[in-house]
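Structure record follows, encoded as structure tokens.
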Amino acid sequence: MKSCAVSLTTAAVAFGDEAKKMAEGKASRESEEESVSLTVEEREALGGMDSRLFGFVRLHEDGARTKTLLGKAVRCYESLILKAEGKVESDFFCQLGHFNLLLEDYSKALSAYQRYYSLQADYWKNAAFLYGLGLVYFYYNAFHWAIKAFQDVLYVDPSFCRAKEIHLRLGLMFKVNTDYKSSLKHFQLALIDCNPCTLSNAEIQFHIAHLYETQRKYHSAKEAYEQLLQTENLPAQVKATVLQQLGWMHHNMDLVGDKATKESYAIQYLQKSLEADPNSGQSWYFLGRCYSSIGKVQDAFISYRQSIDKSEASADTWCSIGVLYQQQNQPMDALQAYICAVQLDHGHAAAWMDLGTLYESCNQPQDAIKCYLNAARSKRCSNTSTLAARIKFLQNGSDNWNGGQSLSHHPVQQVYSLCLTPQKLQHLEQLRANRDNLNPAQKHQLEQLESQFVLMQQMRHKEVAQVRTTGIHNGAITDSSLPTNSVSNRQPHGALTRVSSVSQPGVRPACVEKLLSSGAFSAGCIPCGTSKILGSTDTILLGSNCIAGSESNGNVPYLQQNTHTLPHNHTDLNSSTEEPWRKQLSNSAQGLHKSQSSCLSGPNEEQPLFSTGSAQYHQATSTGIKKANEHLTLPSNSVPQGDADSHLSCHTATSGGQQGIMFTKESKPSKNRSLVPETSRHTGDTSNGCADVKGLSNHVHQLIADAVSSPNHGDSPNLLIADNPQLSALLIGKANGNVGTGTCDKVNNIHPAVHTKTDHSVASSPSSAISTATPSPKSTEQRSINSVTSLNSPHSGLHTVNGEGLGKSQSSTKVDLPLASHRSTSQILPSMSVSICPSSTEVLKACRNPGKNGLSNSCILLDKCPPPRPPTSPYPPLPKDKLNPPTPSIYLENKRDAFFPPLHQFCTNPKNPVTVIRGLAGALKLDLGLFSTKTLVEANNEHMVEVRTQLLQPADENWDPTGTKKIWRCESNRSHTTIAKYAQYQASSFQESLREENEKRTQHKDHSDNESTSSENSGRRRKGPFKTIKFGTNIDLSDNKKWKLQLHELTKLPAFARVVSAGNLLTHVGHTILGMNTVQLYMKVPGSRTPGHQENNNFCSVNINIGPGDCEWFVVPEDYWGVLNDFCEKNNLNFLMSSWWPNLEDLYEANVPVYRFIQRPGDLVWINAGTVHWVQAVGWCNNIAWNVGPLTACQYKLAVERYEWNKLKSVKSPVPMVHLSWNMARNIKVSDPKLFEMIKYCLLKILKQYQTLREALVAAGKEVIWHGRTNDEPAHYCSICEVEVFNLLFVTNESNTQKTYIVHCHDCARKTSKSLENFVVLEQYKMEDLIQVYDQFTLALSLSSSS
């Protein structure tokens, strides 16, 4: 890889030269300059330092010398840059970014990386830069951009030495984004890598087990946890966390066994967990939940008390305590506990509903209504309709209620309002520190805050004195079985963290003091305001669960005197969690606020910077596990999605338990260590496994960010270099004054992944180089010099640097880049000008120097190509009246029309994204009955059918399961059955529909009534619940013996649409690709959906409707797939792998044209290359489909682009493009110059790579064994990363002996075994054979030119 290290010798010389030019009289200035000069030894030590050492370099204790050296280097670089007015080599900024990153000065690192990105056109070649940039994004929780940066690293350098760290972070971030399949894949890739990592394999295995848990795969999770417990020398903290998770799963999840048995196991596991880590507040809390569920009230209270003593107060814990008090007929204590809960988390829906229930039972409907309204405002209360009905009921009947007197000895509003929020306390400290410089308004504000603070202290002492002896009554338990769901049953989230052994004094609500001073709880130091994170740095964070916004004043009404008990209201009410906070991380939801003592947003914001999941004001007091002299934060949160009954019905709390799984590696052990953060874990029956990824750094640090914060924070601290304004301005660039202001919309813009499409096809795609041999980086990388400071306008054009054009700013003196002995040798050197004209002899001669000629990856196009990017929306945008274009359709009257050559040309024309050929079956006399359900059952009734369970919805709409809002995610769960069983379902569905129609006819007498009822039914469909349907899909008809008649019938089609033909690229693959060069069948009932997608590798497709019903199609041209990809990312969906159904309103607003048409029986739909489409059945019907690859430059280009995009996204390409390209060269005479150039260059590239790798293996003493290849042998893919492996197969010794041949690519083999001692290298093609194919593949003369 290309190094970004600046020659420190050159830097020192340049610095010295500048010093000589200074006036002799400025001795003090010269002395200052000499103080930051670097010695030869220092330059050598710094020569090998870049982002790859992040997390591995020690800066404290014995590493203090390194920290000092890095600080000195930063000052030297800053001084040099300042003197040169920013006109220095771009690599200076990159190295400055690395040094600041290693010093964990993320804002400075970000500024320097920004500058390097704006100056370096081919920044993407620098893997160390991309990695460092990804780490900064990761630190700031800008996961959308961190993912892109890390994927770029793996794309340009798959053998990157920190690939394991990247896969680990990608796994965590995809878990946050609920892309569980991708998350699991990256965790597994991290697990097989033998390179050093900041987490142990046991810790990674824990993440995998927890990932299963978050997907509700409880049995798989249980097996994974139990298997992890069998690991030898398992760290105590990992063991404690695993036992904690197992205990909670037995209590809360649907595991085998009766309730008593599961509770018994749960208690045993939790007790064992506490033996391993007695200071885990979370385990104590879970134990309290278990005791509560079996009626052991005193034990439950003791456990809750321990939880509060061991960790900071959480809203969930206080809500659970309130429920127990309520059960014991202690309404006043219950009231105080609920008040504590809502003070700690004003959005705690369950606590508000519990409080409302309490007021209802005491005949205070108006107060109950206020609480219910607060609950309804919470994002975590999804079932607002039931709650609204309850509020309406109380409003209508409140006049009949009898009021009583308050049980409270003091106004609850007073308690609530006197608790200063952490923001106000911080603001008070700031005002006190600047007392002498305040204006009159600020002085008045200071007086008010000080007065309120004194009253709060007085109230606290008064309450402690009043209730010192208050406790739990020892009377009979009114309900021997306390509610098991006294807090929401959301799955908690295993977390690997540590709690500070010395809690810092903090501010807590007065009611907390009161209840802690009662007989049931000790009045120990239980801060809810601050926590000290263990580690070498004393970072003090204000806890996010002590938030009591000023808007809440007066929202907690008085509790009137009433002697009634507190009955359970058995009103079903769901209070599920809020939408996952990750949705706000994508495009400008994060503020980049960070101060030395607090991460709060500022005095004007009531919420902390970052909410980890459904517990929006989540307690963030976690650290982690002792490791070898390094600190690592590896959070992992649970963002529950399941519904949980509220306390209005059975006391279920809903504050989401988001826990950060954080390992802390340090040199000194701590007494109090917990792998689970002591946070609110009112968790529910599911866990969305959201990883609160706060930093994976070599120091413990946390960023509490606000998931719903405004994109622009005017009062946020500046992220620039505050101690050097001049340097700050230089690093920003004088033309860009808004860089680094602490807002996420600025941060998002820094990433080099701005979508751009130039005239050279897709500029950001490797295939942009297809038409030109060696394009200039400037032409293909125009986006790199777009304004890097405002992603709000990513296409703001070129900007100047220091008043000059970019070209001038880059004309500074170039310096040599020294390499330390341990520096990666995978340099990216300037690519040679490559032509497709040279013979194979010249090609091989040019690459006789293994490892020294370009990229190490297997990109089959130009070395100069950056990682691929989706295209932006075409410009100018279409007018609104052009967004519903007519669908290109052709009507066939006879067989001659079907074979008319212009039909083929019309279908394959790139200007036609889709073509509907009407009447094809009739014109060709196709016997569609061969594909009818009846015939299929008669032919092979036990044939396997993949079944997708879906919700019946209108074709142009897609609602969430509750029917409350339109979404992109399309529910489609997979299972399997047989043709016979699905045929039975298909028939019964039809019969049921007939019965429903008959019932409608008998019930309604006139047409108007029918219309009214139809309208009502339509409205109900949108409100849910929706009817469940089953769609039979992907039925394989490839077996010629089983489906001979059906496959023979399809030979009647014209050649361009046939499954097998000489002009079909997929025919030349040489082996079967199910569903692509074979036929697949689909069996449908009304509403069956094929979600949005592009065909595999962007190949064309043919689809024929067998009937008897119709299908409705929605089609978007290929040019707009980037827009749909962006929509998917905004909705936390994977464009390639997820199931999604576009919202037509969103597409209309984005000016995306949509073709919409009906496919009738006998119609053939031709989907052109790259076209995006989704389909819904209107009636009962069957369809058949397959893919076709026209022999055109457009098809090949789009196929290669998707091949590279799949590689970037770690998705397997079903079509092996390298293998296919060599077969095309053998079998096809190509007359199209563009297509010929693309294929020829692919061959050249692969030939170079093969020669280079083979020579490197021979030079290393690794034997290459001839293996050969059978005729129909499929192309090979790496069993680890799933990239295509051509010719040289790395096979494990064991599989080679057993003849199973488990193939690895070279990079994965090296990661598994650095010296390849466990692998055998098999060769499938002789070099002579490939040389012959390459030389003989020449441009054929077309018929027109020859004539």
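Glycine is treated like the rest: Cβ placed from N, Cα and C.
Annotated features, as they stand in Swiss-Prot:
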BINDING   His1093, Glu1095, His1173  Fe cation binding site
BINDING   Cys1278, Cys1281, Cys1305, Cys1308  Zn(2+) binding site
COMPBIAS  571-601  compositional bias 'Polar residues'
COMPBIAS  609-621  compositional bias 'Polar residues'
COMPBIAS  761-779  compositional bias 'Low complexity'
COMPBIAS  782-795  compositional bias 'Polar residues'
COMPBIAS  993-1010  compositional bias 'Basic and acidic residues'
DOMAIN    1042-1205  domain 'JmjC'
REPEAT    315-348  repeat 'TPR 7'
REPEAT    349-382  repeat 'TPR 8'
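Remark: Glu1095 (Fe cation binding site) has Ser1101, Ile1167, Gly1170, Thr1171, Asn1187 as non-local neighbours, by Cβ distance under 8 Å and separation of at least 6 in sequence. Remark: Cys1281 (Zn(2+) binding site) has Pro158, Leu189, Ser1210, Cys1305, Asp1307, Cys1308 as non-local neighbours, by Cβ distance under 8 Å and separation of at least 6 in sequence.
Set side by side, the binding-site residues Cys1278, Cys1308 differ in how many other CB atoms lie within 10 angstroms of their CB, and the most is found at Cys1308. In sequence order, Val914, Gly1092, His1093, Trp1113, Phe1114, Val1115, Val1116, Ile1167 make up the list of same-chain residues 6 or more apart from His1173 (Fe cation binding site) whose Cβ falls under 8 Å from its Cβ. Looking at His1093, Cys1305, the binding-site residues in this record, the fewest other C-beta atoms within 10 angstroms of the C-beta turn up around His1093.
The DSSP secondary structure for Cys1308 (Zn(2+) binding site) is helix. Other than the site residues His1093, Glu1095, His1173, same-chain residues with C-beta atoms no more than 8 angstroms from the centre of those residues' C-beta atoms, the Fe cation site, are Gly1092, Gln1094, Ser1101, Ile1167, Thr1171, Val1172, Trp1174. In the three-state DSSP assignment, the secondary structure recorded for Cys1281 (Zn(2+) binding site) is coil.
Apart from Cys1278, Cys1281, Cys1305, Cys1308, the residues listed for Zn(2+), the same chain places the Cβ atoms of Pro158, Tyr1277, Ser1279, Ile1280, Glu1282, Val1283, Val1285, His1304, His1306, Asp1307, Ala1309 within 8 Å of the centroid of those Cβ atoms.
Sorting each residue of the repeat 'TPR 7' (315-348) by its DSSP state yields 27 helix, 1 strand, 6 coil. Note on the domain 'JmjC' (1042-1205): its mean pLDDT in the predicted model is 97.
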